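J.: In case it helps, TrEMBL gives these features for our protein:
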type: DOMAIN; residues: 243-379; note: domain 'Guanylate cyclase'
type: DOMAIN; residues: 761-889; note: domain 'Guanylate cyclase'
type: TRANSMEM; residues: 30-51; note: transmembrane segment
type: TRANSMEM; residues: 63-84; note: transmembrane segment
type: TRANSMEM; residues: 139-158; note: transmembrane segment
type: TRANSMEM; residues: 173-191; note: transmembrane segment
type: TRANSMEM; residues: 561-581; note: transmembrane segment
type: TRANSMEM; residues: 593-615; note: transmembrane segment
type: TRANSMEM; residues: 635-651; note: transmembrane segment
type: TRANSMEM; residues: 658-675; note: transmembrane segment
type: TRANSMEM; residues: 681-702; note: transmembrane segment
Amino acid sequence: MVAVGMIADRAYSIHELSTCSGDGWWVRKLVEVVSMIVLSKVFFFLTILLPNADPSKGAWADWTYWGVVLFFATFFLAVNVWPLGISCDELASMTEFCNEESIRTANLKKDCTLQGHTACQMLQLWMLVMPYVLPQFDCWSYTFVWLVFIYTGCSWVYDAFSGEMIHEDDLPLHFVLLGVTACLGTMKKYFLEKGLRRQFRIDYEEKKVLEDLYNVFDGMVPSYVIPRMLREDTIADPIDRVTILFVLIVIDDSAHSMDPKKTLADLNQIFGRMDEICAKYQVTKIETVAEEYVACVGVLPKDHGEIGDKAHYDKLLVRMFLAASEILDMENQDFRMGGQKVQLKMGTHTGKIIAGVIGKKLPRFRLFGDTINTSARMMQKSKPGNLMFGEETNQVLPSCIPARKGEKVVMKGKGEVEVYYFDRAGFQAAEAKRLLEEKGTEEPRAKTGEDERQQEVNEVIQQVFDSSEPTGWLLSHKEGFTNDTAELANPNTKMFSEAEFQSSFHCEAFVRKFRSRLHRQVLLMAGATLFDLFHMEHTRAWEVKDKGSGFIPNAKDGGRFQVLLGCRMACLVLALLWSVMAKLRTDWMMENVTLVQWGVVGTSSVVCTLMFVSYDALVFPQITKSYEEMHFLEYLNQQLSLVFVLAFFIVTNTHPTLFVQSLVFLPAGVVFMAIRDKTSLYISNIGRVVFLCTVAISCMLAHELEQTSRARFKAKRRVQRTQERIEYVLNSLMPKAVLEERKSRPGADLSKFCHLYEHATITQSDLCGFTQLAATKTPAEVVDFVADLFGRFDVQTDKYGVYKVETVGDAYIAGMAENTLTTENSVLKVVQFGLAMIEETSAWAAALGVQVTCRVGVHHGECVGGIVGKGMQRYHLFGALMNQVDTLEATSREGITQISKACKEALVRELAKKDVTEEAESMRILVEAFPGAIQRKDEKLTTSKGEEHLYSEVGGGTYLIYKDAAAAAGAGAAPG
């Protein structure tokens, strides 16, 4: 904007030369044209090239910035001295060629070179712009260096060597006026930087909160799926080739009955070490399920190579087998499970998978397809201390990984399968690592992986803060705002509320510190008024009669004094009224956004008008009188028009305004300059252009303020939306109380988060017939089926208030316990939820026309909750209770809910609100609540695969709950 103003100034200078100079002035005109071309180049550079420059070239940007500042600091001086400016001798000679009133007046006022009125007005403009130009407050001292040494030095040099006669009072007075302007600019810069530092602190704190939340999230799912989860996109990515590693901690039955806290501690130690090894070799951990650990290579986008790129996939396999070898070495180290030295079984398989996120609640990153099922079976059929794999993996093994053929094994759905074992004895780990280095992949280190992860986190968070690129110049950041309530009600909308922005800008920028800004303005105005009143009294300015029909009529008996005092008092009264309103009617100020803002803008316009009239009353009507004929106070009086220019800028920039509101000051400035000839104020024609440039710069500053405010509002709302979405997902990944504990202790060892639940009720469901259905479908269809059905279950968890614990394959586990897991603990609601899962499965299967049913088990007792491992963390429940509920589910009947004796007793106690010891009374209460409830009469509990279990394994006799009494009577006590 400064460059545009200077171009306009040069254009008007050419006009004056063309009007009031002879033919011999063509060299001067050429110089003016060249200066306009230079300024146009600067304008093009600042508006086109500089904004599109590479921001990574910091040094280049710094040198360019200071170069531009130095250019304008020099140019503002250069345009006021020969040859760019008109010398005083040239100005005198120009009066011989034309009768332009403005030229003759400028000659009388010695308005030429650096001593002139117009030069001072230009330099005032530069001083007023400086707070927005300088990068920080500490640089403000450069302004005083420029003023004291450069401006004064150039003025002295020009006076000494030009030989022109200048007015001796001009330079000292203008130096003082510019010094006052510089002090006001210093104060403006101080408050600007103070506000920016406050904004930075707020943004940093918001970013830190988001980063802490994101880090929690990032520890639970791979980084690359997080943005898609936050957008609620469907995530089901087909991947042509991965290799999945299953690790099983081999434990005997006695370990299942050990102290749950000890189980959690042992698993954390073992799985924590596996996490470190996988991170070291960049093997992606997928999940842990009970005593199983699942990892994979080839699933992350960075692992995807070109199809058929054997060298790339060799690297992945070498990394995985190096990790597997180190994990197997844990058997020889001091790792124990249940007091016994740890034994490990491993299986791996290579093939296609679907990588997706399933469920609205507890959305877990899972792998689907035959590859993961085969990997699990390889692990189950493997021998302790060995890694087993099939022909598919053996065919793609690099030569540095030795394998030995094993005996064929029988696998479900596959018959006899050729298998191989990883030959650890023949494996040269050092050689494998060397091959990695030769192929350009150095052995990754855990620290490097952590640095890369943090970089990914920072990049995603920065994307949230960075607003979209504007597509235009004028209020480009206004794009994306709307008042359409229907659009804003859409949870997936990318639009922002215009009303919310207006309210936010009003509260955070306009109303905040409103009274402080107003009081500073009143203080300045009161000081200026006091000075002006003494000046008028000392000079007896009211006795000077107006010449002609001026803006203020010919006044007698102190009329001009009354006008001055009346205008200033009116200004002070208006300011004080707003101050009182802001203090006593704060709520009204906050709520009436549009009315208050336009009211303050209107008041500022009125104040500017009153100031204009008051300075016209203060200044002598001596436009046609030469400065050389005036005494000092008369001369000083004539310079007060420069004070009005400064006052206008201060009044119009006291309060932050939106761009459209600031445009009100532009026509006001045009009117003031249009009627200047009818007043006593002296402002040259070029000075009028400079004044309008000052007003235009005020509008541009308002434009930049609104642009910045809208961009910050967008970023802030994006942060809030992202934070809300992350917290929503995190609340589904772990109990809310656990999440709050986790957030309050960032960086803490999560393995220490352990909660004992003495009265937990857990239910587990399994789909019957789903394996046969999945065998006829593609992996993508299977993912859709599971997501749809489990989505129905998720809705029921909200209905009954139960916590979704986890999903394992087609098993769904949920429950209630004391506060931390759930806010309410009801055995009844858990049993009702179990029945609801059966009903939802029946409805889902009927809608699809498939034969799939559901069986459910429910148990009550003690368990422990905690977080396992260091990566892909989630909240698990541990203890004998979990194994027993698995047995209850496996031995239940299709479409039936089986509850344990402990669950029945707790359920009856809740229904009766007292302990019931009589079995008959207990059954009556149970049947009254669930008419389809009966006691199971089978001799043993039997699974669908024929495996038998004793009732003692689940704490005693069990009870079956059918759909209704008729179904229960029809089934009777028939064996399952």
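Here the Cβ of each residue, glycine as well, is placed from N, Cα and C on the backbone.
No curator has checked TrEMBL annotations; they are predicted automatically.
Any idea what these are sitting next to in the structure?
T.: The average per-residue pLDDT of the prediction over the domain 'Guanylate cyclase' (243-379) is 84, rounded to a whole number.
Cβ atoms under 8 Å from those of the transmembrane segment (635-651) belong to residues 109, 117, 120-121, 124, 128, 167, 169, 173-174, 177, 180-181, 184, 521, 524-525, 528, 532, 535, 539, 541, 604, 607-608, 611-612, 615, 618-620, 622, 627, 669, 672, 681-683, 691, 694-695, 698 of the same chain, restricted to positions at least 6 beyond its ends.
Tertiary proximity for the transmembrane segment (658-675) is limited to same-chain residues at least six positions away from its ends with a CB under 8 Å from its CB atoms, namely 475, 505, 551, 597-598, 601-602, 604-605, 608-609, 612, 648, 652, 683, 688, 691-692, 694-696, 698-699, 701-703, 705-706.
A Cβ distance under 8 Å defines the sequence-distant neighbours of the transmembrane segment (681-702), meaning residues of its chain 6+ beyond its ends; these are 1-2, 4-5, 8-9, 12-13, 16, 102, 105-106, 109, 111, 117-118, 121-122, 125, 128-129, 132, 612, 615-616, 619, 623, 638, 640-641, 644-645, 648-649, 652-653, 656-659, 661-663, 665-666, 668-670, 672-673.
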J.: Of the stretches 63-84, 139-158, 173-191, 593-615, which racks up the most C-beta pairs under 8 Å with the transmembrane segment (561-581)?
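T.: The stretch I would name here is 593-615.
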J.: Against which stretches of its own chain does the transmembrane segment (139-158) lie, if we need a Cβ under 8 Å and a gap of at least six residues from its ends?
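T.: Those are 73, 77, 81, 113-115, 123, 127, 130-131, 171, 175, 178-179, 182, 185-186, 189, in sequence order.
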J.: What counts of helix, strand and coil residues does DSSP assign across the domain 'Guanylate cyclase' (761-889)?
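T.: Tallied per class, the domain 'Guanylate cyclase' (761-889) gives 60 helix, 39 strand, 30 coil.
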J.: DSSP-wise, what's the residue breakdown of the domain 'Guanylate cyclase' (243-379) into helix, strand and coil?
T.: 61 helix, 45 strand, 31 coil
